[in-house]
There are 6 protein chains.
Amino acid sequence: MRPSGRQLNEMRPASIEIDVTKHAEGSCMIKMGDTHVLCTASLESRVPPFIKGSGLGWVTAEYGMLPRSTSSRMRREAAAGKQGGRTVEIQRLIGRSLRAGVDRVALGERQITVDCDVIQADGGTRCASITGGWVALRLAVNKLIKAGDIVTDPLISPVAAVSCGIYAGQPVLDLDYPEDSEAGVDGNFIMLGNKQQIEVQMSAEGSTFSRAQMNELLDLAEKGVDELVALQLAATA
Amino acid sequence: MRPSGRQLNEMRPASIEIDVTKHAEGSCMIKMGDTHVLCTASLESRVPPFIKGSGLGWVTAEYGMLPRSTSSRMRREAAAGKQGGRTVEIQRLIGRSLRAGVDRVALGERQITVDCDVIQADGGTRCASITGGWVALRLAVNKLIKAGDIVTDPLISPVAAVSCGIYAGQPVLDLDYPEDSEAGVDGNFIMLGNKQQIEVQMSAEGSTFSRAQMNELLDLAEKGVDELVALQLAATA
Amino acid sequence: MRPSGRQLNEMRPASIEIDVTKHAEGSCMIKMGDTHVLCTASLESRVPPFIKGSGLGWVTAEYGMLPRSTSSRMRREAAAGKQGGRTVEIQRLIGRSLRAGVDRVALGERQITVDCDVIQADGGTRCASITGGWVALRLAVNKLIKAGDIVTDPLISPVAAVSCGIYAGQPVLDLDYPEDSEAGVDGNFIMLGNKQQIEVQMSAEGSTFSRAQMNELLDLAEKGVDELVALQLAATA
Amino acid sequence: MRPSGRQLNEMRPASIEIDVTKHAEGSCMIKMGDTHVLCTASLESRVPPFIKGSGLGWVTAEYGMLPRSTSSRMRREAAAGKQGGRTVEIQRLIGRSLRAGVDRVALGERQITVDCDVIQADGGTRCASITGGWVALRLAVNKLIKAGDIVTDPLISPVAAVSCGIYAGQPVLDLDYPEDSEAGVDGNFIMLGNKQQIEVQMSAEGSTFSRAQMNELLDLAEKGVDELVALQLAATA
Amino acid sequence: MRPSGRQLNEMRPASIEIDVTKHAEGSCMIKMGDTHVLCTASLESRVPPFIKGSGLGWVTAEYGMLPRSTSSRMRREAAAGKQGGRTVEIQRLIGRSLRAGVDRVALGERQITVDCDVIQADGGTRCASITGGWVALRLAVNKLIKAGDIVTDPLISPVAAVSCGIYAGQPVLDLDYPEDSEAGVDGNFIMLGNKQQIEVQMSAEGSTFSRAQMNELLDLAEKGVDELVALQLAATA
Amino acid sequence: MRPSGRQLNEMRPASIEIDVTKHAEGSCMIKMGDTHVLCTASLESRVPPFIKGSGLGWVTAEYGMLPRSTSSRMRREAAAGKQGGRTVEIQRLIGRSLRAGVDRVALGERQITVDCDVIQADGGTRCASITGGWVALRLAVNKLIKAGDIVTDPLISPVAAVSCGIYAGQPVLDLDYPEDSEAGVDGNFIMLGNKQQIEVQMSAEGSTFSRAQMNELLDLAEKGVDELVALQLAATA
């Protein structure tokens, strides 16, 4: 029934390749089916003004799509002169989600910026960005620990994200673009490794939803997060 | 226990005054405690390019805060030269939420723009904007119906929104600013009058949350929405 | 002869309600007929670079119109990405006018920003902004005096403004929108309480004007300013 | 008493050289003492949307200062990414003033854009721009008449402008920069050749002013305009 | 003598992988040593206004660097709100260079946009973009030919580019970043397959150069272009 | 054969008038035929961050065209809200070229900004800007030397620039606009007084070029630079 022939609770084939760029302190290419996102974590010397002198660290994120990551070419945001509303919304979500897994005291007064650049899009880019972004962050933090710059590991738990939705009346896990564009309800679920929730965003797109449906989607999401966390841990082992 | 002395499941005193500006097709001032939002609905002659010739209508929203609606003066966004990420995120949410209650075929090929301008802020401005925005929309649509421009009522159901969160370890309804700034978990719940959900946004801010807590917040939200819908219907009766 | 039925030298019904918002140091809602402007005065911790260390104070102003304050909806300036020429012109005028009534030595090295936001427009918004802006400023300064932060009152005199013009060949006082849009000559007159002039701006719009006409408009303006100053003093008594 | 040694009612040496650039339909370099402004009038094929099909013409203006036209280098507005408030205010004034001398029916449905670029500034650039701008406009219109594109002369009268102010307690004509920066009151007077007034802008800068003073400045301004109109007519004879 | 141990006339290891993204009509990843650029060619439905109705085609290019493609993180241009001068300069060069190899009549009235996004930078990104951009263009045009949309091949010749410079007093081929940042003279050479020149850009950076040196660099560049063209043809065979 | 009747190797009549504006530390009006550029050199108190404390000086440039310097009116860049790609490219070239003739140690930690504003354009504005810009720079540096602020002359050599191209199949010197718009190959050559090269930019525009043609253009350029340097030295003697 799903365009891809997947089971309702079946994720797309997923992979995470680490150390894909030589400059970044941490980097990976995450592939969720045909959605490919390059994630880098950059240790930055400057910290935002509001943490200066606080001893606390900061993790932030930026998100972009290459102009032809999509089916028809999108206008380049740098040429348009500003980041669109969707971009801003997504990068705020990525940063907020990753911070929920960080002990900012243990991180110490430094900033790590996670860049998530979509090389190829096929639905679920924000979730892939969070999942891959955590891997890049993990690798960058590992370097700080190895160098003795950080003593206590500031990463409390993996952070992973998956989308679920109601497609053709059925709850399905990990929507691809053909499903996403037709789904009546669309949700993004971001969790820690222990399935404590960081952020839940559910949106009616065409049909509203009941609490029962919400709980079905959460069940699917927990299954997806389990698989993603296993993948993250394998990639950074 | 709450700074305001309210019960855990007690809303702030709420009121909706309609027809507060002479130019708009629909308008109201919604007050949720010390949060005051002026909502106007404007019938616009132009329609967005993507609905031209489709026969479908469109409802969109814009959101702003007066510079001194807040405790310390904020920079005016028009002077800053762009709308901030938070503003864009909120106005996209308002528009999406209101559209979930609209039969776009019945509306016909016209656009209604709902402006929500925060006169005074004390937490929950986005929820107040949605609840008040629906009232302004209702009034504008009533004029179209009265004038015979629309035959079938395109408003399927009221749309109302309320925030709930976990404050000092307890689930509370309708957070005010002192609570919002301290809450460990913060959620916005947007529903139709029959409590079908349009959008659920829950965010960990300091502490993550379990499914049990999520359900407690949903219980509170349903109670709040019931009260808000009664207020909306009374105001537009 | 006037669309409103007023006498040539008759002002619109005017009122000033103070303390309309809980956050601002001073605030009022001024209504000149159907023109309603919310004015707030904000004491700001930062001072502009050019007065740093000078011991002198600064008063500045910003002006905005809500998108549906006008007969047809205007584009929101924050969305357009910049303040229009008219906005910039008006807010510079408001700031300049208010400063003419301020002893900047007595004010001391602090900045007060007066925000004038038009809730509903029916002509004469810049004049209402100046008149109401002064009231907000007066209230904010009163607080500073009461708190002992200022010893000598820095407000030399009330500052009030009124528009006059030649409508249907006749000099009239306090133009409303129907008159303003048809007037052959349009003037804004800003004065101290003693009728010393701060700024005179007269513009031919369709017909030029003679010195005799100019003096007739000044006579009307002086009458209007007398009434406005009385209103200001009553509101802040 | 004046820094330049001029009489109170004495203008600076003024000259207008026409046809200074080969591309523009009309052009001149106006020099008011050390203030030098290059004015060009460009006949444009496009007309603004609001006159399309109306048969009416339009005259508009733009104003700029070369970065080193001033005593210390100013930031280039093109590099800053926007025109400052002062620039916008001035170019709106120039356009409005020139239009007051134009019969828009006789001009026919075409646009003439007058560019006023300050090569060297020493006070009074906006007035020089208006006076020189009219000359450029006159020359461009002459070409249209000569070519038979216009039958009735659309220029009703010359338009000229001069600044006057109260300097060291005395009313003086045609302020240069040293006077302008010290003046207690500063005014710009724009008139037709017959001394009918188009725009009067008087501003207190440090000291307010009485109606008597206003009339003294107007007397000076009329003398100045007489001299400027003679210069305009000689240059375009 | 070269930091990489290469001979003076030795290129970096180069490779071109085609069809690296599923959406674009043509795509490749070009690697010149550690410089990796993703190039896509997008067939666009819209054509620029200046070719409408002309029957001529257009090829244009855009260039970007991922924020962490460089040794220290660069600010994202979309976030900065504009493309920097260097970016604009480079993308204009890429577009101009590619067009020199295109028969715009044979292409027909359509636009192809070549996007060159630097994934990892180590010197010579603009040259790699041109060389890789041509491959993407070739692949996109092949599709048009195969589909019968184009009859005559509009690609006259491959277009390839290489940088040469004077490093430590010696002319060297294909500068990497350590060389580029120290080079006294830096040149970019863009040629057709037959070594006819499209663009030569040579710049003194620290030391000026003689005609003899210029000719030495050209000799190197011709060798480099020969190798690159062979690579392009192999990749698209 | 040339539209102007000039010999293939004949420059346009050229002149440089110095001290044309009273405010700038150095200024000139350079005329290359009908191309007129006003160049000013401004000594600036601020230095760019990257030279702070280095003891080194900096020379930078900005370029602009008056809206009606061209045959049809161009949009003013300040009104458009940004400098176009061509402007940015040209001003970067001017700055880079002038710096190649400067001993930055001898200049000392100060910045000189050279503004090149095109009053009238007829081809070759960037070359005229460099040649005239050097004269303005020379005059400003002379003042610093005369005032004893600089001991060793930091200007190593004159810097001059000329364009050459292939027009109607023939190599020609100093293209004017009619030639420039038709040329198959267009080059800009910037050299020191001893003909050492600073920058060579050659571009195919319609036809590519061989090394033999490149050398012919270089021969012409050297002749042109000799004449321009003589003019520069005469003007600043």
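Here the Cβ of each residue, glycine as well, is placed from N, Cα and C on the backbone.
Annotated features, as they stand in TrEMBL:
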DOMAIN    F:10-140  domain 'Exoribonuclease phosphorolytic'
BINDING   F:Arg86, F:Gly124, F:Thr125, F:Arg126  phosphate binding site
DOMAIN    F:158-224  domain 'Exoribonuclease phosphorolytic'
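TrEMBL feature annotations superimposed on the structure.
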residue: F:Arg86; record: phosphate binding site; contacts (Cβ under 8 Å, 6+ apart): none
residue: F:Gly124; record: phosphate binding site; contacts (Cβ under 8 Å, 6+ apart): F:Met32, F:Thr35, F:Val162, F:Ser163, F:Asp174, F:Leu175, F:Asp176, F:Asp180
residue: F:Thr125; record: phosphate binding site; contacts (Cβ under 8 Å, 6+ apart): F:Thr35, F:Val37, F:Met65, F:Ile90, F:Cys116, F:Val118
residue: F:Arg126; record: phosphate binding site; contacts (Cβ under 8 Å, 6+ apart): F:Tyr63, F:Ile90, F:Leu93, F:Ile94, F:Ala161, F:Ser163, F:Asn188
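Those same-chain residues not listed among F:Arg86, F:Gly124, F:Thr125, F:Arg126 yet with C-beta within 8 angstroms of the centroid of the phosphate site C-beta atoms are F:Tyr63, F:Ile90, F:Val118, F:Ala121, F:Gly123, F:Cys127, F:Ala128, F:Ser129. Residues F:Arg86, F:Gly124, F:Thr125, F:Arg126, recorded as contacting phosphate, have a largest CA-CA distance of 13 Å.
Taken as a whole, the domain 'Exoribonuclease phosphorolytic' (F:158-224) shows an average pLDDT of 95 in this prediction.
Reduced to three states, the DSSP call for F:Gly124 (phosphate binding site) is coil.
The secondary structure of F:Arg86 (phosphate binding site), as reduced to three states from DSSP, is helical.
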